[in-house]
Amino acid sequence: MTVVDTEATISYDDVLASFDPVMGLEVHVELGTNTKMFCGCATEFGAEPNTQVCPVCLGLPGALPVVNETAVESAIRIGLALNCEIAEWCRFARKNYFYPDMPKNFQTSQYDEPIAFNGFLDVELDDGTTYRVEIERAHMEEDTGKSLHVGGSTGRIHGATHSLVDYNRAGIPLIEIVTKPMLGAGERAPEVARAYVATLRDLLKALDVSDVKMEQGSMRCDVNLSLMPKGSTTLGTRTETKNVNSLRSVERAVRYEMCRHGAVLQAGGSILQETRHWHEDTGATTSGRPKSDADDYRYFPEPDLVPVAPSRETVESLRATLPEPPAQRRKRLQSDWGFSDLEMRDVLNAGLVDLIGETVDAGATPAGARKWWSGEIARRANAEGATDVASYAAERSITPAHVVELEGLVKAGRLNDSMARQAWEGVLDGEGTPTAVADARGLELVQDDGALEAAVDKVIEANADVAQKVRDGKVQAAGALIGQVMKEMKGQADAGKAREIILAKLTS
Amino acid sequence: MTTDLTRASAADLADLLSKGETSSVEVTQALLNRTDAVDGDVHAYLHVDREGALATARDIDARRQAGEQLHQLAGVPIAVKDVMATQGLPTTCGSKILEGWIPPYDATVVTRLKQAGMPILGKTNMDEFAMGSSTEHSAYGPTRNPWDLERIPGGSGGGSSAVVASFQAPLAIGTDTGGSIRQPAAVTGTVGTKPTYGGVSRYGLVALASSLDQAGPCTRTVLDAALLHEVMGGHDPLDSTSINAPVPAVVEAARRADVKGMKIGIVRELTGEGFQAGVQARFDESVQHLVDAGAEVVEVSCPSFTAALAAYYLILPSEASSNLAKFDAMRYGLRVLPEGLDDPSAEQVMAATRDAGFGDEVKRRIILGTYALSSGYYDAYYGSAQKVRRLIADDFNRAFEAADVLVSPTAPTTAFKFGDKIDDPMAMYLNDVATIPANLAGVPGMSLPSGLADEDGLPAGCQILAPAAADERLYAVGAALEQRLLASWGGPLLGRAPELSAARSTSMGA
């Protein structure tokens with residue numbers, strides 16, 4: 001018997017030559033409700049430890065849960081947005097296991113009666129093709145507290161001298177969304193995984209049910225992965241990589257586990273069914289605890305809660321509140337705005353869709369809105385480490401109305417493009433509205449043709465040789481004259497008008 | 001005034017208080033004095049709150065003096081089973097694992113007692129986490145039956161019934177998961193009601209089996225039980241299983257005491273074989289009293305009741321195994337460090353604490369429940385038990401088509417002696433054979449004294465069961481029966497109980 005190195009990897013191409021990947025993604029989403037799943041405690045992120053707790057979420061003897069109706073509504077809306085069926089009657093169940101950050105030593109969750117089931121989410125890939133992710137279920141549960149392991153070097157429990165537990169998170173409503181096994185993605189499996197999580201994130205954001213901040217843990221992803229030998233239809237043994245908490249990590253974790261599984265299987269070994277930890281820094285996973293199907297959570301219906309039985313009328317009224325699906329909305333907006341694919345991609349990547357939409361709604365042209373929100377302000381937001389332009393702008397009270405006003409000043413002929421840029425910089429510097437900045441900085445196109453003509457005459461006289469070239473038909477030489485005129489006018493002239501006058505004087 | 005305040009009913013005390021013929025302080029002090037005198041023998045209390053009770057009494061007296069409109073039971077003292085969370089007062093559930101725990105909040109029932117202005121005398125003894133029928137499973141020693149200190153007071157709520165039977169309190173709160181209010185009432189010659197499931201809030205009641213637990217009144221008279229039932233009951237938004245409807249008109253029913261034209265169903269499966277002769281005889285007389293009072297008797301059959309005990313001992317341990325998981329030394333209560341380990345893990349501390357903190361009966365049921373819920377066994381055990389539960393509910397539904405209420409002896413025997421059944425869990429469990437079906441179906445039940453068994457001179461109980469949400473029928477029937485029994489006895493049954501000092505000398509001499 002050979003000993004197989006379970007931590008070795010082979011190249012991605014080698015994996016694909018022999019195996020087909022099968023993925024299953026479990027995404028936990030913290031709902032953005034004001035109160036917890038089963039009590040009235042606040043859910044604010046980052047509060048002092050153990051200040052948002054009560055007898056219920058601390059699991060004190062005698063305390064009882066009461067279901068948060070808003071959380072149930074959010075769960076149903078998520079289910080509907082994922083094209084799921086909504087249960088007519090379902091119960092909570094207790095998932096029993098001991099852990100210090102779980103106050104009752106059972107998690108109130110759902111087991112075989114999820115609120116939503118049998119759905120799908122269409123995911124658009126980079127090349128424009130669509131992959132349909134089948135959704136197994138979406139169910140409601142409560143979050144656990146948070147353990148902080150102190151005294152070790154790794155922050156993990158191993159080697160720690162003691163642990164601190166913050167129960168503020170205990171009882172925050174979670175929705176767990178579980179896909180069916182995702183087959184047939186082949187070499188695009190990592191991309192599909194990433195695109196699915198990204199699409200899901202956009203959808204949840206559009207539903208306004210969660211702030212979906214992966215870096216704060218309000219959206220967390222577990223990646224199940226197994227390999228099937230090519231041509232086989234039998235699913236392989238899977239591993240579950242926990243807490244893969246960025247889109248990039250999702251993609252990398254899938255790829256890494258594919259390469260690791262491939263190495264083990266190719267060396268004649270077998271995959272140990274276990275949880276794996278993802279390490280962002282090394283881009284690798286390490287072994288966690290073994291997880292077998294024999295893991296016994298002793299689920300049974302939660303006797304302290306009554307069944308959830310949403311009427312069909314309730315479900316339909318919630319369906320009416322669903323927003324346009326983000327992918328559909330993007331297509332519509334691109335067409336409405338007349339953006340090229342590249343322009344739209346840039347706008348999406350910069351997170352500017354909503355801001356541009358608001359600006360267009362406020363009266364700006366789509367091109368103008370794109371231009372002003374993706375230029376200097378994006379550079380500044382990026383340089384100052386802001387998460388996105390919208391929040392950067394909001395923090396500085398820079399609004400779509402400012403863009404509309406700026407465009408208006410150009411359209412009215414008061415500012416030329418370079419003046420408009422100066423005015424915008426003033427707005428970004430906090431000097432006030434575009435008009436106020438233009439007033440303060442004396443930005444104003446000179447409307448007096450007499451002054452312009454005088455300047456042209458002066459420049460022609462001073463540059464007789466260049467003027468002669470224009471007279472001889474070398475029209476492009478006029479550019480040098482225009483530059484001189486603009487300089488003479490201290491920039492406060494319409495360059496187009498200057499060109500008109502020069503050509504009129506020299507070529508007619 | 002010659003009234004012995006400790007022997008007066010709550011209704012009479014309320015009357016005396018409202019007329020200004022006594023004060024709450026006077027009543028409370030009399031009861032506390034009684035406790036000083038007798039509870040060394042009875043051990044009904046785990047904790048007595050003298051200062052707190054007297055402070056409430058003083059407050060109520062002052063408010064009454066000031067002319068404030070008070071609740072009917074304001075100033076009438078009460079004892080609370082130690083399974084109810086009481087802010088600032090120890091709550092141990094009879095277990096070492098909660099020794100020293102002071103809840104930071106009140107159970108809803110306790111809040112309602114406080115709102116009514118009822119002084120809380122203390123917390124009563126019980127089998128650990130309400131598992132037992134004798135209080136022998138209390139980690140703090142058993143409660144003794146005031147009728148015979150060598151005998152059990154019933155359980156799990158032996159403390160609440162004994163505190164009432166020994167005149168240390170006119171009222172007590174009990175909880176009933178399989179008979180823990182009714183069986184102690186039967187063996188101590190007192191009254192106890194398990195309301196309809198959901199009729200009284202469970203918020204703050206430390207759960208044994210969530211789908212079976214229900215708090216209710218322990219008293220010496222049917223009217224007192226109704227008065228307390230009315231205070232305790234009613235919808236509570238903090239308990240999802242609480243019924244959103246007004247409390248049934250229990251006090252009115254108790255006052256009317258009218259059974260004319262009612263159909264009384266005798267459950268064939270809950271009489272005869274297995275029931276002590278004297279218990280059965282008193283029950284038969286009770287039925288005759290009801291007939292004399294104008295009721296009609298029918299016999300009904302509930303065949304699934306024979307499987308009730310088996311189903312109960314799967315459902316209860318299953319829920320209990322999960323409910324008791326929270327006792328892990330992490331946040332409150334006992335913490336025991338494992339011996340021989342320098343650097344124990346959280347899991348090792350949990351295990352050592354649970355090993356040291358739980359008694360044998362609790363461990364037995366946690367193991368049973370853990371097994372019954374395990375994958376591969378769930379369907380055969382928990383699943384089958386739930387089906388039996390459904391069948392029992394069906395039996396009740398059919399029976400209540402034929403009868404307005406059902407009756408049976410409450411417990412098969414009178415109080416047994418300490419140690420008789422402690423090593424035989426099945427014999428202990430059989431005590432609850434007549435009371436368990438009501439918990440499984442969620443219907444209300446009451447036990448009231450039916451007399452003394454001829455063979456041992458100890459109290460026997462008659463149980464009345466009514467359809468869900470028809471708790472008032474218990475009180476109509478119970479009050480009618482109580483009237484006729486009192487007339488036949490010439491006074492309260494408890495009047496025949498030995499004086500406690502005498503009882504002590506007998507037992508001491510034995």
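Every residue gets a Cβ built from N, Cα and C, even glycine.
According to TrEMBL, the protein has these features:
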| type | residues | note |
| --- | --- | --- |
| ACT_SITE | B:K81 | active site, charge relay system |
| ACT_SITE | B:S156 | active site, charge relay system |
| ACT_SITE | B:S180 | active site, acyl-ester intermediate |
| DOMAIN | B:26-474 | domain 'Amidase' |
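Feature map: TrEMBL annotations on the structure.
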residue : record                               : DSSP class
B:K81   : active site, charge relay system     : strand
B:S156  : active site, charge relay system     : coil
B:S180  : active site, acyl-ester intermediate : coil
Just the number: how many Å between the Cα atoms of B:K81 (active site, charge relay system) and B:S156 (active site, charge relay system)?
10
Alpha-carbon spacing, B:S156 (active site, charge relay system) to B:S180 (active site, acyl-ester intermediate), which is rounded to whole Å:
5
Long-range neighbours only, meaning 6 or more apart in sequence with Cβ under 8 Å: which ones does B:S180 (active site, acyl-ester intermediate) have?
B:M126, B:D127, B:A130, B:S133, B:G155, B:S156, B:G157, B:G174
B:S156 (active site, charge relay system): tally of other CB atoms within 10 A of its CB:
34
Whole-number mean of pLDDT values that fall within the domain 'Amidase' (B:26-474):
96
For B:K81 (active site, charge relay system), just count the other CB atoms lying within 10 A of its CB, please.
32
